[in-house]
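Worksheet: the structure to be examined is printed underneath.
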Amino acid sequence: MLQTVGEWIWWDRLWLPGNLSWSALEDKEGRVYAKVSHLYASLPCALCLLVVRYLFERYFATPLANLWGIRDKIRLPAEQNPILEKYFCSQTRVPPQADVWSLCKKTGWPERRVQVWFRRRRNQERPGLRKRFSEASWRCAFYLFAFFGGILALYDKPWVYNLREVWAGFPKQSLLPSQYWYYMLEMGFYLSLVFSLTFDVKRKDFKEQVIHHMATLTLLSFSWISNFVRIGTLVMVVHDSSDILLEGAKVFNYATWHQTANGIFVVFAVVFMVTRLIIFPFWLIHCTWVYPLELYPAFFGYYFFNVMLLVLQLLHLYWAALILRMVYKFIFTQVGLQMSLCPCMWDVWECGVCFISVSVVYPLCLFSSCSWKAMIGVIKRKMTVTHR
């Protein structure tokens with residue numbers, strides 16, 4: 001049964017053009033092609049990144065936080081109460097009024113005391129400023145390294161300057177060492193995020209983060225196996241370029257360098273508009289939509305791939321509208337980004353921009369109904385909190 005399903009999913013006619021078969025992508029004559037077995041290297045890469053992250057946060061981010069005077073806000077702890085603690089962990093963090101009255105009867109506490117307990121208990125779950133600063137610093141450093149690593153891997157490749165070369169010989173395109181290590185670095189990073197979920201800052205979008213990381217790994221693997229490597233690397237570089245600035249703005253925002261954070265965010269907005277609204281649709285999507293038809297007749301993988309890229313572009317338009325709205329408030333209402341980009345808004349950006357920011361196959365992740373609904377739900381909840 002499973003073998004039959006696997007054969008149907010990987011049927012040659014679905015994913016390969018013309019009369020080609022998977023046997024045509026076997027290594028021979030010194031040519032190496034992307035294979036499933038290559039993906040096993042992402043596991044040791046992820047473990048190495050966890051070690052590097054630990055060293056980075058301990059010997060760089062923490063001393064930097066001390067130097068900049070970043071301190072966690074002192075919060076009063078909630079009183080010990082097993083009844084309220086059980087309700088908090090098993091039911092909800094924000095009880096409705098009817099449940100508050102019920103808890104008052106069970107504990108013998110007045111209503112005001114119960115409400116204060118839940119507020120303090122929620123505050124205990126909020127991540128400290130130093131922890132958020134360390135994580136943002138690590139992500140900023142990684143995106144910076146990954147971006148320039150991608151530039152080094154691509155600057156001398158002909159398909160960077162002539163996009164028709166992306167499809168030259170597809171799918172029989174030999175794998176280059178630089179492409180291999182670029183993909184493994186990105187996959188290792190997201191696999192390390194899965195491993196670190198237990199001790200990272202646990203935000204309200206924890207479940208959505210798990211969905212995001214797992215879907216990203218699955219879809220990066222799919223693009224690798226299907227040999228969409230050339231276009232995949234181009235899209236990763238385009239997306240990483242703005243992620244560096246976003247994380248950098250967060251770092252300086254946590255350090256209360258608000259003018260610097262404001263300036264970086266404005267640069268981020270410009271880079272986002274150029275890369276996501278100009279380069280991505282008019283260069284990369286055009287490359288995947290038009291040029292393959294000059295070599296092969298359209299096939300299922302072609303339609304599937306391009307429809308997902310269009311979904312991704314729609315999300316770019318959505319996030320561009322949010323950016324313009326925030327920039328408008330910053331410029332015309334004279335409200336600094338330290339106010340408009342509060343921690344709740346930063347969490348929205350992490351759930352959204354990061355959700356669409358790594359690979360060419362991200363739209364497949366967003367195509368999944370559970371992922372799409374989960375992300376929209378988190379955005380609505382956090383935008384409500386922000387407006388309050």
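Quick reminder: no glycine exception, Cβ is built from N, Cα and C everywhere.
Since this is a predicted model, take the numbers as computed values, not measurements.
Residues or ranges marked as DNA-binding region in TrEMBL: 73-129.
TrEMBL lists 71-128 with the feature domain 'Homeobox'. Model confidence over the domain 'Homeobox' (71-128) stands at 85, taken as the mean pLDDT rounded to a whole number.
As annotated by TrEMBL, domain 'TLC' applies to 131-332.
Feature annotation from TrEMBL assigns transmembrane segment to 38-56 (among others).
Panel annotation: around the transmembrane segment (136-155), residues 49, 53, 56-57, 60-61, 64, 176, 178-179, 181-182, 185-186, 189, 233-234, 236-237, 240-241, 243-244, 247-248, 250-251, 254 of the same chain, lying at least six beyond its termini, place a Cβ under 8 Å from a Cβ of the stretch. Residues or ranges marked as transmembrane segment in TrEMBL: 136-155 (among others).
Among the features that TrEMBL reports, transmembrane segment is placed at 180-199 (among others).
The feature transmembrane segment is assigned by TrEMBL to 264-291 (among others). With a cut-off of 8 Å between Cβ atoms, the residues of this chain six or more beyond the transmembrane segment (264-291) that come close are 163-164, 166-167, 231, 234-235, 238-239, 241-242, 245-246, 248-249, 252, 305-306, 309-310, 312-313, 316-317, 319-320, 323-324, 326-327, 330, 337, 341.
The transmembrane segment feature in TrEMBL is assigned to 303-324 (among others).
Mapped onto DSSP classes, the DNA-binding region (73-129) shows 36 helix, 0 strand, 21 coil.
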